[in-house]
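Annotated features, as they stand in Swiss-Prot:
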ACT_SITE  Arg87  active site
ACT_SITE  Glu90  active site
ACT_SITE  Ser113  active site
Amino acid sequence: MTSAITEQLLKAKKAKGITFTELEQLLGRDEVWIASVFYRQSTASPEEAEKLLTALGLDLALADELTTPPVKGCLEPVIPTDPLIYRFYEIMQVYGLPLKDVIQEKFGDGIMSAIDFTLDVDKVEDPKGDRVKVTMCGKFLAYKKW
């Protein structure tokens, strides 16, 4: 499921004890976006790739792969087996159609962009147990009539 470069990046990140939040401060990009570069779902600029590889102590020759547009959405199998990723699949199974209806009531017939899009993860402290807050913000794209 992970490429050789993903494994190298994750291994170097662990060895250096660097967090995605720290890389966010270094690169000036969101931590989720940086993680998506690690998993080859986003493309870094040459400058971003150089900063990232330098911070991780990796060979700058790897920059070429990080700056090449990747094949996106290549998770396998179709139904994820990782428990955390599966929860998002499960959320869409339960709330996908209701979410679609609410979005279309507010915006009309269309979709939320995953290209003009941001994804943020926050920790919300709660006495009953900390909570994960995921915020998706995508441009609404109305279906064209012709």
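Just so it is clear, glycine is given a Cβ too, placed from its N, Cα and C backbone atoms.
All chains included, 12 other C-beta atoms sit within 10 angstroms of the C-beta of Arg87 (active site). Arg87 (active site) sits 21 Å from Ser113 (active site), taking the CA atoms of both as reference points. Arg87 (active site) carries a helical DSSP state (H, G or I). Taking all protein chains in view, 12 other C-beta atoms sit within 10 angstroms of the C-beta of Ser113 (active site). In this structure the C-alpha atoms belonging to Ser113 (active site) and Glu90 (active site) are separated by 21 Å. The number of other Cβ atoms within 10 Å of the Cβ belonging to Glu90 (active site), over all protein chains shown, comes to 13.
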